[in-house]
């Protein structure tokens, strides 16, 4: 019986310790790429920026509330950029937040160290 009480106490302590971490779950790459999906043609071919693209950039900015979210969004953006390879115009990607009237604290670049994003 004493062993069961210790086990129950340990389980409760673990739940209390990990609960704050679960509530700070980072944004998913699916949410990032979903938000930026309408930007694809602009980022690869140029032309005008679709209204839906800027809406997605603004939505992503509002979803990335915590440092952890912003770091994860940075990693997801870099992963998507790597997948696009030479089709991605890095200059357009770097200018996109400003063109959509969104201020972010880090440059959109393959060289950005996402661990330093706050």
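Just so it is clear, glycine is given a Cβ too, placed from its N, Cα and C backbone atoms.
What Swiss-Prot annotates here:
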DISULFID  29-76  disulfide bond
DISULFID  39-53  disulfide bond
DISULFID  54-100  disulfide bond
DISULFID  74-114  disulfide bond
SIGNAL    1-25  signal peptide
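When the disulfide-bonded residues 29, 74, 76, 100, 114 are screened for a C-alpha within 10 angstroms of the C-alpha of residue 53 (disulfide bond), the residues that qualify, in sequence order, are 100. A 10 Å radius around the C-alpha of residue 39 (disulfide bond) takes in these disulfide-bonded residues out of 54, 74, 76, 100, 114, in sequence order: 54. Within 10 Å of the C-beta atom of residue 53 (disulfide bond) sit 22 other C-beta atoms, taking all shown protein chains into account. Most other Cβ atoms within 10 A: among the disulfide-bonded residues 29, 54, 74, 114, that distinction falls to 74.
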